[in-house]
Amino acid sequence: MAVMATVATGSTSALAAVDTEPISEQPVSDGVDDLDVPSPYSVWSPWQKKLIVAGAAFGGFFNPITAQVYLPALPILRNEFGVTEAEINLTVTTYMIFQGITPILFSGFTDTLGRRPGYIICFIVYISANIALALANDYEDLLIIRCFQSAGSATIMVICQAVVADIITSAERGGYIALTAIPSILGPSLGPVIGGAMTEFMGWRSIFWMLTIAAGINFLLMLLFIPETCRKVVGDGSVRPPWWCQSVYQWFYYRRHPSVPQNLNSIEKSAYTTDEGKLKYATSHLFSAFALLREKELVLLLIIGGTVFTGVYAVGTAMPALLESLYGFKPLQIGLMYLPLAGGSILAVVFVGPGMNWNLRRHARKLGIAVDKKRKMDLSRFPIEKVRLEIAFPFLLLGVGIITSWGWVTVNKVEIEKVAIVVLFLGVGLVGVNNVVNALIVDIYPDTAGAALAAYNLAKCIMGAASSGFVAPMIQDMGMGPAFTLLGCLYLLLVPIILLVMWKGVVWRTSRHARELRKKGSILVREEEPQASVSDTDTTSTPQNDATSTEILPAEKEEVSKSS
């Protein structure tokens, strides 16, 4: 309790503890002269950061586990509600659509109004949806309420990732990878096992009661202890947040200690100090991911990644019905068959990361470029598309062979051990390609990585939702073998798209960068005109010291903060 209490306050002890940390980033001031000694990026000590990130990871766990825990119960739900396999799969499809859309619509507001209000709203929606699902008595209720469940859990995941960006610098982020990777690794692997066991021994409704209890515990801990971290609200963590952004412990603490030192210079202000400015930024951020869809390179990468995920979701959605009908599996056994897919995903992470680093060093050596891990590499003329996508090719070819094999090994009822091996390598191939595309998107959109990855998530969810919806009718019309052979052929169509990105990527990226510089320059010129009117009311104001002189600076600060 004492540990959580210290995390909740962000008190002066945290300021003292962080003095010994290496300063890798500095807060952006708003026209106020910086002190001789730069302030740390965050007042939290290392162990406090770990606790905050662990709390965020616990919250982020609900999105992947909610998507997977439900799958082993699909045959039971189909029989209980008297619907077809395609109709019950539609509950997976709608879940994935809302999983892709709602974070884009909601994340901009949490960037300006605070993380905790977003947490509260999303947890209330998520917990209420789980209770309603546990009490659902017809198919229509199940279909509609799953959309609300998806909206709550997916947005919680986005907020958790934003919390990490609020308090962790780029230089120290590597030490927190293990904590942030827990949800994405454990959720898909443990979800089907838990769902299968609970469905078999306690009924499918117990799944949603379990999620309700787990989310309620997380929600209670968040209300009591987890502090506000949004840098537009609390700056480096020392600024007192408004009452609606305070944890319960903070509310009592500030009542007893009204004069806690605050580094007001660390908070990002300017246009965001007014309701109009906050709304303007939130609205512009709302459509930033869609604006990126005008870029040819990103659209092609979305097609590559989204197409790859059609196979992942097609196999995941079709597996319960196939294992039940062909092998007579019960829900628990069905859940256990998802473990090889998770194991393959872990192997993909192990192989892809070192492979990408090795290939980058190899190309840099050829071009005579020194690689320094402590400094940002200039990619303006570096063929990063070729460097990354060369690693994707072997994983894509593996995916083509494996997803084709999956259709034929299941229809021929081969030994279940061989089916598990096929599922394992399916995870290696398809998740490997996804990891490469994900890294490349961050490489070419470093200043708008959040919006670019949100667009990528949307593409994966929409195309995955489509595959989960058409896989059952396709299997029924074509048969297992031909259906998944068709998916394998679809992957082969990605080869010319990958080659096109490797060939034209540098040209497109250079053109986009020049276009952005011209646009930024024209905006800055237009924004200089209001300076004269400002000086009429305050003769001491200068463009450098006037916090309201321009509205592009806060947006630039936010993008820089996110890219770090």
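Positions of Cβ are set from backbone N, Cα and C atoms, glycine also.
Heads up, TrEMBL stuff is auto-annotated, nobody curated it.
Taken from TrEMBL as is:
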- 52-506: domain 'Major facilitator superfamily (MFS) profile' (DOMAIN)
- 88-106: transmembrane segment (TRANSMEM)
- 118-137: transmembrane segment (TRANSMEM)
- 143-164: transmembrane segment (TRANSMEM)
- 176-195: transmembrane segment (TRANSMEM)
- 207-226: transmembrane segment (TRANSMEM)
- 298-323: transmembrane segment (TRANSMEM)
- 335-356: transmembrane segment (TRANSMEM)
- 391-409: transmembrane segment (TRANSMEM)
- 421-441: transmembrane segment (TRANSMEM)
- 453-475: transmembrane segment (TRANSMEM)
- 481-503: transmembrane segment (TRANSMEM)
- 528-564: region 'Disordered' (REGION)
- 532-551: compositional bias 'Polar residues' (COMPBIAS)
- 554-564: compositional bias 'Basic and acidic residues' (COMPBIAS)
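Contact check: the transmembrane segment (298-323) against the transmembrane segment (421-441) gives at least three Cβ pairs closer than 8 Å, residues 6 or more apart, which meets the contact criterion. Listed stretches 118-137, 207-226, 335-356, 453-475 were compared with the transmembrane segment (421-441); the greatest number of C-beta pairs under 8 angstroms is found for 335-356. A mean pLDDT of 80 is what the model gives for the domain 'Major facilitator superfamily (MFS) profile' (52-506).
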